[in-house]
Amino acid sequence: MLFQFRYVCWCLTCNFQIMIFNRFNRFYEFFKRQNHRQIRLLLAITMILLMIFYFYNSNHNRSSSGGLSSDDNNHHQSWLSSINHFDDNLDLIRNKLQYAVMIDAGSSGSRVYIYVWPPHSGDMRQLLKIRMLRDQLGNDVYHTITPGLSSCSSNVSSSSIYMEPLLEFASKHIPKIKHKETPLYIMATAGMRLLDLQTQNAILENLRQEIPKKFAFLFTANNVAVISGKEEGLYSWITLNYLLGRFDHTMETRPLITIENNDKQWKRMNTVNMFEMGGASIQIAFEITKNSQYEQLKSMFSKEKFSEKLFEINLGCHEHDYNHQYRLFVTTFLSLGANSARKNYIDFLIKQSNDLKYHNSSLTTKETILFDPCLSIDSSETVNYTMANHPSHSLSSSTSTTQYLYHLKGSGEFDNCVEKLSKIIANNQCLPDQNQNNTISKACPFEELKNIILPFSNEEDFYGLSEFWYSMNDIFHSGGQYNSDEFSKLSKKYCSTSWLVTQDRYRRKLYPMADFKRLLYQCFKSSWIFTILHSGFRMPRNYQKFRSISMLNDEPVQWTLGALIFRTRFFPLRTLDQQHGVMSEHVVNLHESTTINFYLQYLLFTLCMLAVIFCIILYLHRLQSMLNNNNNSNDGSVCNNNNNYKQFYNTKKSLHETYPLFTNHQDDDNHEDINDKLYRKQQPQVFIDFG
């Protein structure tokens with residue numbers, strides 16, 4: 001009803017303006033002969049008054065909308081684009097920022113990260129804009145302590161004391177007023193997994209009980225946990241796609257694909273796939289986008305195993321948010337990490353040497369030299385190898401062990417190294433893997449490697465994290481786009497380089513990103529990466545869609561960010577609730593003040609229009625007076641000029657008749673012509689009869 005009333009008012013106003021314009025058009029012929037300065041001035045006054053009304057109305061509408069204003073939203077967007085530069089605008093919105101603390105409790109140490117984000121925009125197509133906190137110099141704010149949390153296994157009551165330096169560091173970098181609303185997450189990984197469940201639970205319970213007594217962070221029982229390798233892979237996949245912008249559906253800049261999930265279909269940007277190699281294992285994560293792909297993977301595993309590898313997640317706030325619903329295949333290949341692969345390779349190399357036999361010798365130590373093609377030329381490594389001795393006679397049924405000392409001497413043969421590693425994969429043997437309670441179990445990753453089919457197509461992108469980046473970039477400086485021929489060429493060159501030359505280059509700081517262990521094992525690790533990619537995962541040598549990365553958009557690609565995104569996925573609902581609360585309050589107030597605001601708007605508009613109409617009428621009246629005065633003065637001046645000219649002509653003629661000899665007739669004729677011309681130029685175009 002209100003809209004209809006406004007529409008009628010606008011129609012009446014427009015009709016009135018048309019009437020004024022028609023009135024004004026009657027004086028159009030006169031305006032064409034006048035100076036246009038007055039016309040421009042009148043139009044300028046009209047436009048200024050109309051602009052005043054427009055800006056008042058637009059500002060009123062903007063102030064009456066709920067949630068963040070467009071200026072605030074643009075301000076937050078500018079913060080997101082300039083946070084890495086730390087301009088002064090960060091201080092202006094610091095009170096609006098939200099914080100989170102994430103602690104990565106690893107095997108060798110624990111590290112605390114602080115993340116920040118502005119209020120959510122309210123657009124459900126977007127996730128929270130989370131970034132790592134940085135100092136004034138643009139450096140990441142984090143703190144590390146050693147050893148790992150698992151070192152508290154002998155005294156679980158010291159677990160909270162162990163965490164205090166990290167929590168105090170976080171407290172100093174987060175405004176105190178924000179502590180109560182800042183969530184704290186503690187995620188334990190490899191080191192804690194090796195402990196028995198009872199010890200794990202005791203450590204976690206100590207943290208749950210003691211930390212809230214000293215720190216005001218938002219810390220619930222579910223905020224501390226020991227996560228599995230598959231969860232690490234899931235979180236890394238989330239981080240990777242988040243930093244690539246694959247979860248932001250406000251601007252679909254890439255081609256859309258059709259996602260199939262049972263009987264549902266929808267379109268959105270495709271996500272990227274991930275390899276991550278650590279010291280002990282390799283994680284793979286990719287999205288299942290087609291039902292046929294789902295059925296193919298399902299047929300490779302038992303029902304129980306497949307359910308362990310399948311993750312269906314929704315990163316949005318609502319259950320039916322298909323734009324953020326993902327069906328993932330995530331798996332971990334135990335014993336295929338760089339360090340575990342090295343141990344398994346040495347075991348294979350020793351057994352292949354045929355020097356190891358069953359001994360009943362009284363000697364407790366045996367020493368042997370072996371040539372290792374996976375070490376650089378002239379480099380060496382000493383390995384202690386324990387072998388169980390089988391009893392040679394039935395007199396004793398006990399089994400003893402013998403310690404063997406092997407000196408591995410590098411021969412630097414990349415192709416030979418790749419061949420041996422390929423044989424390990426082809427043998428399809430189960431490998432020893434350290435499990436809980438430090439016991440050794442058997443892992444059979446090659447069986448799964450043999451069956452799994454990865455989506456290496458021109459439409460699918462793969463990214464390699466962690467060891468893929470380090471082995472390609474720390475020494476070779478070839479991180480990024482992967483080229484199998486170029487990588488094998490660099491690997492061959494490094495392996496065939498003398499160890500003495502490599503050490504000299506290291507002393508001259510030609511390898512600033514590498515340490516001694518990296519230099520020693522670079523030949524093996526580059527060979528293992530090449531082998532696992534092309535022989536293990538069967539990636540085509542000409543595949544152009546694989547790249548290694550460590551940073552994206554100035555953010556480190558690590559699983560902690562993905563874990564935070566997953567655990568804060570419902571946080572935007574807070575912003576929506578606040579906006580809805582503000583909107584509800586506005587609705588109540590708006591219901592009471594709508595009529596007043598409406599009349600105020602149109603009162604101002606009416607006053608402006610009346611002022612314009614008054615100016616127009618006043619100006620038209622003045623122009624009418626000027627027109628009348630001008631016509632009267634023109635009539636009088638024409639008569640006077642005609643009489644004067646007639647008198648002048650008679651006088652001039654009598655002079656010629658009286659003094660014909662003293663008069664230059666040609667000059668007079670010219671003078672007369674000139675005067676006639678001047679006269680005619682000055683007079684209006686009227687007819688004069690001289691009688």
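All positions are counted from 1 along the displayed chain.
Any Cβ shown, glycine's included, is placed from N, Cα and C.
Per TrEMBL, transmembrane segment is recorded for 39-56, 599-620. Annotated active site, proton acceptor per TrEMBL: Glu232, in sequence order. Annotation source TrEMBL lists ATP binding site at Gly279, Ala280, Ser281, Ile282, Gln283.
Neighbours of the ATP site: apart from Gly279, Ala280, Ser281, Ile282, Gln283, residues of the same chain with C-beta atoms within 8 angstroms of the site's C-beta centroid are Gly229, Glu276, Met277, Gly278, Thr332, Phe333, Leu334, Leu336, Gly337, Ser340. Between the CA atoms of Glu232 (active site, proton acceptor) and Gln283 (ATP binding site) there is a gap of 8 Å. Listed binding-site residues: Ala280, Ile282. The one with the lowest count of other Cβ atoms within 10 Å of its Cβ is Ala280. Using a 10 Å Cβ-Cβ cutoff, Gln283 (ATP binding site) registers 27 neighbours. In the three-state DSSP reading, Gly279 (ATP binding site) counts as coil. For Ser281 (ATP binding site), other Cβ atoms within 10 Å of its Cβ number 25. Counting every protein chain shown, the Cβ of Glu232 (active site, proton acceptor) has 26 other Cβ atoms within 10 Å. Counting only same-chain residues at least 6 apart in sequence, those with a Cβ under 8 Å from the Cβ of Gly279 (ATP binding site) are Gly337, Ala338, Asn339, Ser340, Glu467.
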